[in-house]
């Protein structure tokens, strides 16, 4: 790629990041957030971002409850999607629809997008069916997730 093009690309990508104090969210995680809000409208997305051993960054140990198990399954699903050539689940966008709490992954998604959409759809449905325990939010990972 031409060095001038790289410089322009870097400026376009970096300048919006410095304009905000909020860290940017990969596009797919934004879609996943919206899927969760579709199936669990009475809870904030952030309630799931630091829950148990698997909801949020990383994941290890035994899930603390059914909701945490949803996140473990979602992590594993992304791991399977990564086996598709050039598939990066955290950045792959897809087409889907939310209608009255029902999620549908639309046709026209390529293999990677279809897999990632299904991972997110199944996790959002799982979240809706699992009880939320406030005691499992922001837990001590070193003590409880070995």
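Just so you know, glycine gets a Cβ as well, placed from its N, Cα and C.
Cβ neighbours of residue 74 (active site) (same chain, under 8 Å, six or more residues apart in sequence): 54, 119, 120, 122, 123, 126. Summarising the annotation, Swiss-Prot assigns active site to 74 (among others) and lists similarity to another entry as the type of evidence.
In this structure, residue 120 (active site) is part of a helix by DSSP. Using a 10 Å radius centred on the Cβ of residue 120 (active site) and all shown protein chains, the other Cβ atoms total 26. Among the features that Swiss-Prot reports, active site is placed at 120 (among others), with the record citing similarity to another entry.
Sequence annotations record features per position, and here Swiss-Prot assigns Ca(2+) binding site to 54, 56, 58, 75 based on similarity to another entry. DSSP gives residue 75 (Ca(2+) binding site) a helix state. Sequence-distant neighbours of residue 75 (Ca(2+) binding site) (same chain, 6+ residues apart, CB-CB distance under 8 A): 54, 59.
Marked as disulfide bond by Swiss-Prot: 38-98 (among others). The secondary structure of residue 98 (disulfide bond), as reduced to three states from DSSP, is extended strand.
Cβ contacts within 10 Å of residue 53 (disulfide bond), excluding its own Cβ and spanning all protein chains shown: 23. Reduced to three states, the DSSP call for residue 53 (disulfide bond) is coil. Annotation comment: Swiss-Prot describes 53-145 (among others) as disulfide bond.
Residues annotated as disulfide bond in Swiss-Prot, with similarity to another entry given as evidence: 55-71 (among others).
Among the features that Swiss-Prot reports, disulfide bond is placed at 70-126 (among others). Around the Cβ of residue 126 (disulfide bond), 17 further Cβ atoms fall within 10 Å across all displayed protein chains.
A sphere of 10 angstroms centred on the C-beta of residue 77 (disulfide bond) encloses 18 other C-beta atoms. What Swiss-Prot records for 77-119 (among others) is disulfide bond.
DSSP assigns residue 112 (disulfide bond) to a helix in the three-state reduction. For residue 112 (disulfide bond), the same-chain residues that are 6 or more apart in sequence and have a Cβ closer than 8 Å to its Cβ are 81, 84, 86, 87, 89, 92. What Swiss-Prot lists as disulfide bond is 87-112 (among others), and the listing cites similarity to another entry.
Taken from Swiss-Prot, the feature disulfide bond covers 105-117 (among others).
As annotated by Swiss-Prot, signal peptide applies to 1-21.
Here residue 77 (disulfide bond) is positioned 10 angstrom away from residue 117 (disulfide bond), judged by their C-alpha atoms. Separation of the C-alpha atoms of residue 53 (disulfide bond) and residue 71 (disulfide bond): 9 Å, rounded to the nearest whole number. Of all Cβ atoms in the protein chains displayed, 26 besides its own lie within 10 Å of the Cβ of residue 117 (disulfide bond). Report note: the Ca(2+) site is defined by 54, 56, 58, 75, and the residues of the same chain whose CB lies within 8 Å of the CB centroid of those residues, excluding them, are 53, 55, 57, 59, 60, 71, 72.
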